[in-house]
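Annotated transmembrane segment per TrEMBL: B:96-119, B:125-144, B:151-169, B:181-200, B:220-243, B:255-272, B:284-305, B:317-336, B:348-371, B:391-410, B:422-443, in sequence order.
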Amino acid sequence: MDISKDLIAASATPLILTILKKEDSYGYDIIKKVKELSNNELVWTEGMLYPVLHRLEKNEFIESYWKKANNGRKRKYYRLKEDGLEELENQKKQWELVHNTLSKEI
Amino acid sequence: MFDLELNINSWTDHLRSSGKLNEDDILELENHLRDQIDELIEKGLSRDEAFIISVKRLGNVNSLSKEFSKINTDTLWKHLIVDLSDTDQKQTRRDILLVIILSLLAGTVTRVATLFDFWNEDLFVIKNFSFFILPFIALFFVFNRGTDKKLLSYVLGIFALTAFIINQFPSRVPNHTETLTALHLPILLWLVTGVAYMGLKWKANKERMNFIRFTGESVIYGSLILFGLIVLMAFTMILFEAISVDVSEPIIETLVIYAGCAAAITTMYLVETKKSIVENFAPILAKLFSPLFLITMVTFLAVIIFTGKSPFLDRNFLIAFDLMLVLVLGMVLYIISARKMHETSGIFDYLNVALITTALIIDGVALSAIVFRLSEYGVTPNKLAALGENIVLLGNLIGLLWLYICYFRGKIEFIKIERWQTAYLTIYAVWIAIVVFVFPILFGFE
């Protein structure tokens, strides 16, 4: 199934926030997780993910820190902040509204 | 044997050269690339295959950095540094080489001229200063903008002829006309250089407007670069003073001269190459400062009226007022130039009219002061030059005001105002030429 660009862009924020809610993560891992969670349907590009991450950080929904991984490489991790959690609840409600509206039989 | 590290490094270097990513971003992307490569190798791909596929997945660098630049709008100034897309990289290298060569040439000519040490005896260097730099700027326009060769020969011909005439003029104390020439010549020759910028269509309104814009941007850009140079100079001095090494005067002078020339030509290059982005600079500053200038001028007029004090007793103030009026006129022009032709009249049009009116009144007051001084103390070259400039300025302001009124009443299109203004440039050039060439003869070179 081809998912439209607009929908991918719109769903990026809630998906990233959801993943970060469970545990801190980094760019490469986020893309992988999204792919797994969506059964390979949602494949994000780096050019799309990082700008969103940086914007979320700027809006103070998430924060970043550098951490050494097991293989000795330094990775930039992202962590969900209080505001981000609120934003996630907010976005979820919006998605639910859209979903409920779509599911109603007309 | 495929060297993975080397290839990853050259990839990050390429990212760096786009100038849109900071080191943090680059490291983040590099690690992403490495993770991707590791995973692919684990799946059984060879190192070079893994590298190629990973790079491909990360997207081409240009589109990647473009996405990033949308986020990093805080670093918008970075766009002002020329970014290198692959196609015009060659062109850029050529341009930079041109800038370096022309800067060195201009610097050398200036340095040689100053070696004659006419500096203290008469105004030789100051008078001829424009000839040391402007021809090279004209040359730059020819290479960069593809100006017509024939036109260039005319421009350089005018330079040569002017240089010849000016230096034939004898130098007589108290050098009033010579000083006037030295002050006005750069402006006149800048307009001549402008012909090289505008090319064959130098009479056209659009080209002239572009040149006015270019001039304003150059002033802003040049000031930024100059400021940077001054800071650098200051630190250099302090550093050498700290180790008690006395840098000799000639070395400092040489450095200053070369740096100045390089700054001038680099400014031309940057303004020209980054036109589309920089273009927004001057109009924004103009919009920001025009209300402030308006308030200052109105307050000033009110204070004059209420206290009855004349500000024009000292002639130095007369010059300061003229400069301010030119600056105000500049802002009016920039607001006009930034205006979209099809827009209906907005707040800045009314602000412009208020600015023009206030400037007109101040110019009128200044003019009356000059006429008073002329009749009281007799004619001197300085006063006559100031009189002429104020009349030219007055004509300009009245014309603008009149056309604006016509425009508000729906009688003319806005473009008429612009056309009139660019045509009026010629009058400035003519008056300045009179001051430069006729005044010395008129006043016996004194």
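Glycine is treated like the rest: Cβ placed from N, Cα and C.
Proximity of the transmembrane segment (B:317-336) to the transmembrane segment (B:391-410) is established through 3 or more Cβ-Cβ distances under 8 Å for residue pairs spaced 6 or more apart. Packing against the transmembrane segment (B:96-119) from elsewhere in the chain are residues 125, 128-129, 132-133, 136-137, 139-140, 143-144, 253-254, 257-258, 260-262, 264-266, 269: each is 6 or more residues past its ends and has a CB under 8 Å from a CB in it.
Residues 80, 82, 95-96, 98-99, 102-104, 106-107, 110-111, 114, 132-133, 136-137, 140-141, 144-145, 214, 217-218, 221-222, 225-226, 229, 233, 278 of the same chain lie 6+ residues outside the transmembrane segment (B:255-272) yet bring a C-beta within less than 8 angstroms of a C-beta in it. The transmembrane segment (B:181-200) makes no contact with the transmembrane segment (B:391-410): fewer than 3 of their CB pairs lie within 8 A, with pairs spaced 6 or more apart in sequence.
The transmembrane segment (B:391-410) makes contact with the transmembrane segment (B:422-443): 3 or more of their CB pairs lie within 8 A, with pairs spaced 6 or more apart in sequence.
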